[in-house]
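S.K.: One structure, as C-alpha cells, below. Some questions next.
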Amino acid sequence: MVSPDLIRNVVGIVGNAISFGLFLSPVLTFWRIIKEKDMKYFKADPYLATLLNCMLWVFYGLPIVHPNSILVVTINGIGLVIEAVYLTIFFLFSNKKNKKMGVVLATEALFMAAVALGVLLGAHTHQRRSLIVGILCVIFGTIMYSSPLTIMSQVVKTKSVEYMPLLLSVVSFLNGLCWTSYALIRFDIFITIPNGLGVLFTLMQLILDKNQDKNLELPTVAPVAKETSIVTPVSKDDDINGSTASHVIINITKEP
C-alpha cells in the first residue's frame, strides 16, 4: 500500500514544477524590457509582493520553524532568486521616480529580520513558531493570490480577456489545486488557506473567461444586393456615350 507521505511528496514535486513555470512566466516581458531598455508601463509591485511572500514561506519551511517541509523551502527559495533577478532588471531600467523600489526592498528586509529574530527568540517550540509565521504567510499569501480580482474587474469593464491570459489562469488553478492537495494529505492549515483561495479566485477567472467567450457577438453580415443584367436592343439611331451600339446592358439591383 502506498503511504500518504509518498503521495504527498509526489504531489509536492508536481507542485514545485508547476510553481517553477509560474515564476518563469514573466520572462518574455523582462526580455522585452532588456531589449528596449525601458520599463514602459510595467510596475514592480507584484514582484515586490511575491518576493516577500517567498521569503516568508522559505522561513516557514525551515526545520527550525516547521520540520518536514523541504518542498516548500525549495520552490520558494527558487522563486526568491527569480523574483530578485526580475527586481534587479526593474531597478536597472527604472527612472528616478521608481528608485523608491529600493526603499521598499529595504523595508521588506528589515521586516523579515524582525520576524526572524522575534520568532526564534520569543517562540521556543515548533508549534508556536509555525503558528506565528504561518499566520503571516496566510495574510501575505492571500493578498498575493487575490491580486487577480483587480484584473477581473478590468475584464468586465472592457469586455476583453486580453488582460487575463487563459493559459496563465489554467496553470495558476492547477498550482493552487496541487498545493491544496499537498496540504490536505498531512493537514497544514497555513498552506491550505492561501492556496485554497487561489483555487477559488482562478476558478472565478476561468468562469469569467468562458462567459466572455459566450457573450462575444458574431458580426452581422449586411445582405448582398443581387444584380440582374438585361440586354436591351438599341436602334441604329440611338447614341450611347457618343457611339452607337446594337444592344445596351442594363443592371437592375434587387434587394434580397
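Every residue gets a Cβ built from N, Cα and C, even glycine.
Found this in Swiss-Prot, in case it helps:
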{"type": "DOMAIN", "residues": "10-97", "note": "domain 'MtN3/slv 1'"}
{"type": "DOMAIN", "residues": "133-212", "note": "domain 'MtN3/slv 2'"}
{"type": "TOPO_DOM", "residues": "1-9", "note": "topological domain 'Extracellular'"}
{"type": "TOPO_DOM", "residues": "31-45", "note": "topological domain 'Cytoplasmic'"}
{"type": "TOPO_DOM", "residues": "91-100", "note": "topological domain 'Cytoplasmic'"}
{"type": "TOPO_DOM", "residues": "122-130", "note": "topological domain 'Extracellular'"}
{"type": "TOPO_DOM", "residues": "152-164", "note": "topological domain 'Cytoplasmic'"}
{"type": "TOPO_DOM", "residues": "208-256", "note": "topological domain 'Cytoplasmic'"}
{"type": "TRANSMEM", "residues": "10-30", "note": "transmembrane segment"}
{"type": "TRANSMEM", "residues": "46-66", "note": "transmembrane segment"}
{"type": "TRANSMEM", "residues": "70-90", "note": "transmembrane segment"}
{"type": "TRANSMEM", "residues": "101-121", "note": "transmembrane segment"}
{"type": "TRANSMEM", "residues": "131-151", "note": "transmembrane segment"}
{"type": "TRANSMEM", "residues": "165-185", "note": "transmembrane segment"}
{"type": "TRANSMEM", "residues": "187-207", "note": "transmembrane segment"}
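Can you tell me where each of these features sits in the structure?
M.R.: Mean model confidence for the domain 'MtN3/slv 1' (10-97) is a pLDDT of 89.
Outside the topological domain 'Extracellular' (1-9), and at least 6 residues removed from its termini, the chain residues within Cβ reach (under 8 Å) are 71, 182, 185-186.
In the topological domain 'Cytoplasmic' (31-45), helix, strand and coil residues by DSSP number 7 helix, 0 strand, 8 coil.
If one looks beyond the topological domain 'Extracellular' (122-130) by at least 6 residues along the same chain, the residues whose Cβ comes under 8 Å of a Cβ in the stretch are 60, 64-67, 190.
Within the chain, the transmembrane segment (10-30) has long-range Cβ neighbours (under 8 A, six or more residues past its boundaries) at 42, 47, 71-72, 74-75, 78-79, 82-83, 86, 89, 168, 171-172, 174-175, 178-179, 181-182, 185.
Listed as Cβ neighbours of the transmembrane segment (101-121) (distance under 8 Å, sequence separation of 6 or more from its ends, same chain) are residues 44, 48, 51-52, 55-56, 59, 64-65, 87, 90-91, 94, 129, 132-133, 136.
Beyond the transmembrane segment (131-151), the same-chain residues lying 6 or more positions past its ends with a Cβ under 8 Å from any Cβ of the stretch are 46, 49-50, 52-53, 56-57, 59-60, 65-66, 115, 118-119, 123, 163-164, 169, 172, 176, 189-190, 193-195, 197-198, 201-202, 205.
Beyond the transmembrane segment (165-185), the same-chain residues lying 6 or more positions past its ends with a Cβ under 8 Å from any Cβ of the stretch are 4, 7-8, 11-12, 14-15, 18-19, 21-22, 25, 71, 145, 148, 191-192, 195-199, 202-203, 205-206, 209.
Sequence-remote contacts of a segment are chain residues at least 6 beyond its ends whose Cβ falls under 8 Å from one of its Cβ atoms, and for the transmembrane segment (187-207) they are 60, 72, 130, 134-135, 137-138, 141-142, 144-146, 148-149, 151-152, 164, 166, 169-170, 172-173, 175-177, 179-180.
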S.K.: With DSSP as the yardstick, break the topological domain 'Cytoplasmic' (152-164) down into helix, strand and coil residue counts.
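M.R.: Tallying H, G and I as helix, E and B as strand, the rest coil: 7 helix, 0 strand, 6 coil.
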S.K.: Please list the DSSP helix, strand and coil residue counts for the topological domain 'Extracellular' (122-130).
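M.R.: Split by secondary structure, the topological domain 'Extracellular' (122-130) comes out as 6 helix, 0 strand, 3 coil.
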